[in-house]
Amino acid sequence: MAKGKYDGTLNLPQTGFPMRANLPQREPEILKFWDEIDIYRRIQEKNAGRPQFILHDGPPYANGNIHLGHTLNKVLKDIIVKYRSMSGYDSPYIPGWDTHGLPIEQQAIKNLGIDRHKTDVVEFREHCRDYALKYVEIQKEQFKRLGVRGDWEDPYLTLSPGFESIQIKVFGEMAKKGFIYKGLKPVYWCGDCETALAEAEVEYNEKVSPSIYVKFPVKDGKGVLPEDAFVIIWTTTPWTLPANTGICLHPGFDYVLLEVKGEKYLLAQGLLEAVAGELGWDNYQILDKYKGEELERVICHHPFFARDSLLVLGEHVTLEAGTGCVHTAPGHGEDDFHVGQEYGLEVISPVDDRGRFTAEAEKFQGLYVHDANKAVIEELEKRNMLLKAASIEHQYPYCWRCKQPIIYRATEQWFASIDGFRQDALNAIDTVKWIPSWGRDRIFNMIRDRGDWCISRQRTWGVPIPIFYCESCGEALINDETIQRVSELFAANGSDIWFAKTAAELMPPGCSCEHCGGSTFRKESDIMDVWFDSGSSHMAVLEPRQELRWPSDMYLEGSDQHRGWFNSSLSTAVAIRGAAPYREVLTHGFVVDEQGRKMSKSLGNVVDPLRMTREMGADILRLWVSSADYRNDVSVSPNIIKQSAEAYRKIRNTCRFILGNLFDFDPGKERVSYDKLSELDQWALLKLDKLIRRVTKAYEDYEFHVVFHSMHNFCTVDLSNIYFDILKDKLYCSHPQDAERKAAQTVLYDIINALVVMLTPILAFSSEEIWSYLKKEGQAESVQLLEWPQANDEYLNQAIENRMSRVLELREVVTKALEEARSKKVIGHSLGAWITIYASPEWTELLKATAGLEKIFIVSRAELKPETEAPAEALALEGVEGIRVMVQAAEGSKCERCWIIENSVGEDLKHPTLCQRCAEVVAQLQG
């Protein structure tokens with residue numbers, strides 16, 4: 001626009017809203033503002049009495065700083081809660097923390113340099129509590145810095161006395177229904193952590209293990225197998241051979257007895273070719289053939305112990321690998337244990353809590369199990385029982401806490417019997433909406449196939465298992481009275497009291513053993529699995545808090561929680577209530593780099609959200625979260641974050657343009673009714689209305705990437721590239737009180753008021769900043785206190801949409817023609833052009849009904865002629881039929897004020913450098 005004596009007559013944008021966001025400095029100021037007005041309480045008061053939407057927070061672990069996975073999770077939750085609280089719901093959000101468990105124990109040990117076995121239990125637990133609470137406070141501030149709104153002053157903690165008290169009641173109710181039992185079973189065991197693990201605490205990684213073929217000499221062939229034969233097994237865990245008591249065959253498979261180099265071997269016929277190739281058997285002779293069931297109860301010698309190994313039958317045997325004759329150690333495998341129970345095999349597990357062999361393993365005593373592989377192989381070789389030893393890389397279970405390989409180990413543990421409520425849990429799954437829908441099958445299959453839940457842990461920092469044992473007969477005691485007593489004690493004192501008091505002090509007065517009548521008891525020393533802690537949160541949080549209710553509307557966590565929190569919560573809820581604790585379950589993927597790799601310090605691809613917030617601002621991270629289809633793994637890198645920052649800049653500039661052009665607009669006095677708006681203005685409201693409908697549906701469907709792309713496209717294309725571009729002359733050059741200018745300002749005002757609300761769930765900080773410049777006296781103090789914009793059927797004018805769609809199609813042809821003319825130096829700015837549109841009759845009729853073509857195309861003159869008169873050089877655009885455009889340099893003088901070239905420039909003697917429109921405006925302004 002003009003730079004000269006008429007500058008002061010232009011309505012140039014005026015706003016204090018800065019172009020540069022400066023988010024790292026601005027956002028903390030907004031956080032302070034929210035704290036000062038107590039935004040969470042204000043919103044709860046506003047929404048009191050409305051229908052509720054309860055998103056129950058899955059508790060993050062109180063250990064370390066937050067990472068991008070936390071960011072993705074918490075921002076997704078915050079987007080949902082903010083949307084719900086602005087769209088007619090009472091949507092409280094109570095953040096929580098998982099505060100017990102092994103990692104906190106390990107950190108307390110590491111930080112203090114103490115030996116937990118030599119430290120007073122209560123003192124050690126105090127150190128653990130201090131560590132957990134320290135990181136609760138650290139993470140709390142980090143989550144708040146992301147703009148996440150919640151009841152940060154009163155979160156739920158699994159270590160709080162109230163939570164622990166209710167958890168005891170959950171355990172007691174499950175025990176009362178017969179779902180809790182103690183049994184000897186193989187469980188996942190971590191020797192490094194010295195405790196049992198649940199399935200949810202196990203992850204699988206690649207591991208190189210031995211791969212050996214071993215001979216078991218036949219001792220008693222039961223008249224079927226010759227006594228000079230050998231049964232061949234294959235295993236990748238030689239360390240389990242000291243616990244071998246059986247060899248399992250499939251009853252329906254064919255087995256062959258063959259002779260190789262003077263020795264007779266038994267193996268499955270279906271694996272003969274593979275084994276022969278592996279062992280280098282060039283010449284062998286098949287001597288006999290059997291069904292697996294014919295070989296049942298044949299007895300073999302153990303390869304190096306004076307012990308029998310019984311041939312048993314099991315459906316779990318496959319022909320995928322090995323020999324079809326499966327080494328069976330009931331003390332070290334689930335299938336082995338079950339088949340061993342069926343045949344009465346001895347359960348041998350000669351391994352201590354640290355994963356080292358006991359005296360029962362004889363010559364291997366003291367060896368760490370994984371280190372013992374070499375010694376076992378040497379023993380087999382010495383006894384000529386080894387056919388081959390090699391290595392294999394395969395998936396192996398690891399402890400997800402310490403990242404060390406784990407073992408199966410038969411020990412006495414407390415279990416929750418999934419069989420007791422499995423069918424009810426499977427039925428409950430189909431009452432829940434799973435987002436994405438594949439989540440249903442995933443958890444259904446896990447519940448259907450999972451074994452009983454090992455809920456005991458041999459550690460210190462956790463909620464004790466509230467069981468007493470009779471000193472006289474050893475029977476366990478748990479009943480309504482003991483549970484009520486322990487629950488009350490925990491509510492008043494926390495679970496430390498279990499370790500500080502004797503059994504007699506913890507039990508109700510007058511307790512006696514229900515089995516033998518004894519009156520002296522000892523306490524259970526194990527604690528509960530932390531998944532039982534968080535799995536009880538629906539009872540410990542949703543039930544007692546007045547602002548919440550059971551069940552919740554939504555659980556939202558990473559896809560690994562189908563086997564974790566979703567699973568444990570479903571189990572406890574179905575066991576107690578017979579129903580799921582949630583109505584919807586939404587899962588997101590993991591954060592990966594641009595190549596799809598996990599975040600890893602060794603790969604150097606870790607993106608730190610705290611650093612990103614310090615450098616770029618939390619709103620950029622929030623926009624990144626919204627831009628991704630979180631149902632898959634979510635990619636992040638400096639380049640991707642840069643793209644989010646660029647998208648943010650465009651959205652911010654759009655809002656700044658609107659704010660700048662509303663500086664002299666009073667919506668209370670100057671609004672223009674819809675019927676008096678120009679067709680272009682009505683088109684803008686139509687596009688806004690469609691945006692409101694699309695964005696609202698996308699929020700309802702949790703498709704936040706659709707929200708992002710719709711808003712971004714609206715700002716950059718519909719507004720910046722089209723509406724604003726066309727509007728600038730009217731806004732800047734018309735008389736300030738011009739009716740058409742006020743009409744445009746009315747539309748801009750409605751657009752920004754809708755945009756600022758729809759942006760709030762995502763751009764929490766920037767929307768608040770925008771609102772601070774937009775709000776009028778008497779309006780809501782915070783943008784978060786506003787209501788969601790409503791669609792308006794009056795704006796859905798199909799005729800306008802169709803007509804403007806065609807006109808904008810033509811605008812593309814004109815733009816292309818202007819670009820070509822500019823490249824040929826025919827014109828400079830588009831206002832230096834006259835255009836001639838050669839149109840078909842259909843186009844001619846449409847364009848004659850369209851006012852202000854010059855303004856739409858931003859040229860000085862637009863002339864309409866029949867298509868038949870088009871010269872050969874007139875430009876046509878592929879896909880746009882019936883239109884050709886010619887561009888020529890405009891003739892006449894350029895208006896100094898608006899830059900339009902037209903013949904009226906010079907006609908006004910007082911303002912000879914202005915066009916007629918500008919001369920009249922200036923005259924009015926100067927009085």
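Using N, Cα and C of the backbone, Cβ positions are placed for all residues, glycine too.
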Swiss-Prot annotation of motif ''KMSKS' region' - which of the ranges 338-342, 598-602, 738-742, 863-867 it falls on: 598-602
16-26, 60-70, 203-213, 313-323 - the one Swiss-Prot records as motif ''HIGH' region': 60-70
CB-centroid shell, 8 A cutoff, Zn(2+) site Cys895, Cys898, Cys915, Cys918, site residues removed: Cys733, Glu896, Arg897, Trp899, Ile900, Glu902, Val905, Leu914, Gln916, Arg917, Ala919
DSSP helix/strand/coil residue counts for the motif ''KMSKS' region' (598-602): 0 helix, 1 strand, 4 coil
Alpha-carbon distance [Lys601 (ATP binding site); Cys918 (Zn(2+) binding site)] in Å: 64
Chain residues in Cβ proximity to the motif ''KMSKS' region' (598-602) (below 8 Å; excluding those fewer than six residues from its ends, i.e. six or more beyond): 67-68, 590-592
DSSP three-state assignment (helix, strand or coil) for Glu557 (L-isoleucyl-5'-AMP binding site): strand
For the motif ''HIGH' region' (60-70), mean pLDDT (0 to 100): 92
Cβ neighbour count (within 10 Å, all chains shown) around Cys915 (Zn(2+) binding site): 28
Cα distance (Å, whole number) from Glu557 (L-isoleucyl-5'-AMP binding site) to Cys895 (Zn(2+) binding site): 61
Binding-site residues compared (Glu557, Lys601, Cys898, Cys918) - the one with the fewest other Cβ atoms within 10 Å: Lys601
